[in-house]
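**Student:** Here's a structure for you.
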Amino acid sequence: MFDSNHEQELSKRRTFAIISHPDAGKTTITEKMLFFGKVIRVPGTIKGRGSGKYAKSDWMNIEKERGISITTSVMQFTYKNILMNLLDTPGHQDFSEDTYRILTAVDCCLVVIDAAKGIEERTRKLMDVARIHNTPIITFINKLDRDSRDPIEILDEIEKELKLHCIPISWPISCGKNFQGVYHIYDKIIHLYKSKFRKNFLTLDSFLDGSLNEYLGADLSIHIRQELELIMNVYSKFNKEKFLKGITTPIFFGSALGNFGIDHLLDSLIKWAPSPLYRQSNKRIIKPQERKFTGFIFKIQANMDLKHRDRIAFMRIVSGQYTKGMKLTHVRIKKNIIISDAFSFLAGERISINKAYPGDVIGLHNHGTIKIGDTFTQGEEIKFIGIPSFAPEIFRLIYLKNPLKQKQLKKGLVQLSEEGTVQVFRPILNNDLILGAIGILQFDVVIERLRIEYNIDAVYKKVNIVLARWINCGNHHSLYNLKKSYSSYLAYDISNSLIYLAPSSANLNIVMSQNSDISFNATREQ
């Protein structure tokens, strides 16, 4: 049954992801947001090997051991009567394409930047993916309570490298040991950091009338006034329309570890981030206000609960409403199913739900029939597009210590590849199994999970592959010639799509120049 308050439920939802480079403070920010949302009483920022304390969003065994976030966690909490759907992506240096794909399921991104380091490699790559969809970006420059680079220098770097126009919303008052707080340019309030006075903020009057010297000292007061005058003349004012188009990014400063500035971020997400947006299908645009249910699978996680050896499919709801016991069409396999046991998430914990709306992420039990990119509807035969696979960057040949377990190995690799942990390739000339990943740590994850979840001991050999490109060719004669001339470089992925595995960029360039009517693609639509 369709609720009459559907529009109201849409307006109450924000679905966003947090992305960053390793050690920028993303996990701490996630924990503090859950704290503000009253999901946890004390942020669990301490985590490490043998400590027994781990971040709420880190629930896989290898994550707890290493103190990093490998999988994408989905968390739901309420802040000021707004339902926040937070998709927490891995922040460590080596993550999987699952990290990239998660950005297709959100309506906004929060980018976290270390004030001492500025923009780093993984942030650049994630931003490239976010910009494919012109996703609105809010930026938080973290760790101002430590030695930092000049804020204007960081903003210049953001504008140059990320191609975003910066709009400072808050501005830091000094940094490191002298960090005093931030000035909120639009609220016209100075928020004090760990103030020794009985005040947490100062109004604009205090800022103007000279009494600020009492709190900051004469020299710092003069400096911050001059700096603010400069940035308010140089940078444009916030324009929500340009933000929603992915042209500008509002900038906030703070210290996640010091629990300073996180409430400003949450307030901005409520105020500026879009409520659930439309999605493009292969036939038409699907709007969240529509009565009929639609949703797509953007992630599959195997064995979240080792006791049950289950597989969970993560679905982003696009339109309509989920109600317990409803009948849906699994479009790819043309099968109707009854969904009576969907649930929401808090890291490793599941909460059974009776109802969910566009923007929400729900979990479905998967017995091997659901794949990434699958669409579920109430009968309409559509497929959501823009949920790609990304070409891996690192490759390994995997083989068994016990050759008799080849069947179990293939089963385990199929499941791990379907959830986006790694990609599996079968060369057309032999029976080897080649794995491809975005980051090197994913290979460790595969070995660990094969051992724990499938009782398989496997090892790797290096393989002479540096690039992979999917083949797209409508000319059968050209495709035949490619297979005949370059068969030793060709393989099939898990969906039987042909892919070229190049030993060098020079090799790939030569093959591409000799086969101009064949497309060599770095992404493949699911």
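Positions of Cβ are set from backbone N, Cα and C atoms, glycine also.
Annotated domain 'tr-type G' per Swiss-Prot: 11-277, in sequence order. Feature annotation from Swiss-Prot assigns GTP binding site to 20-27, 88-92, 142-145.
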**Student:** Let me know the model's mean pLDDT on the domain 'tr-type G' (11-277).
**Tutor:** 82
**Student:** Over all shown protein chains, what is the count of other CB atoms within 10 A of the CB belonging to L144 (GTP binding site)?
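**Tutor:** So the number of other Cβ atoms within 10 Å of L144 (GTP binding site) is 27.
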**Student:** Enter the number of other CB atoms within 10 angstroms of the CB of T89 (GTP binding site).
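**Tutor:** The answer is 26.
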**Student:** Go through S20, D23, K26, the listed binding-site residues, and name the one with the sparsest Cβ surroundings, counting other Cβ atoms within 10 Å.
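**Tutor:** Comparing Cβ neighbour counts within 10 Å for the binding-site residues S20, D23, K26 gives D23.
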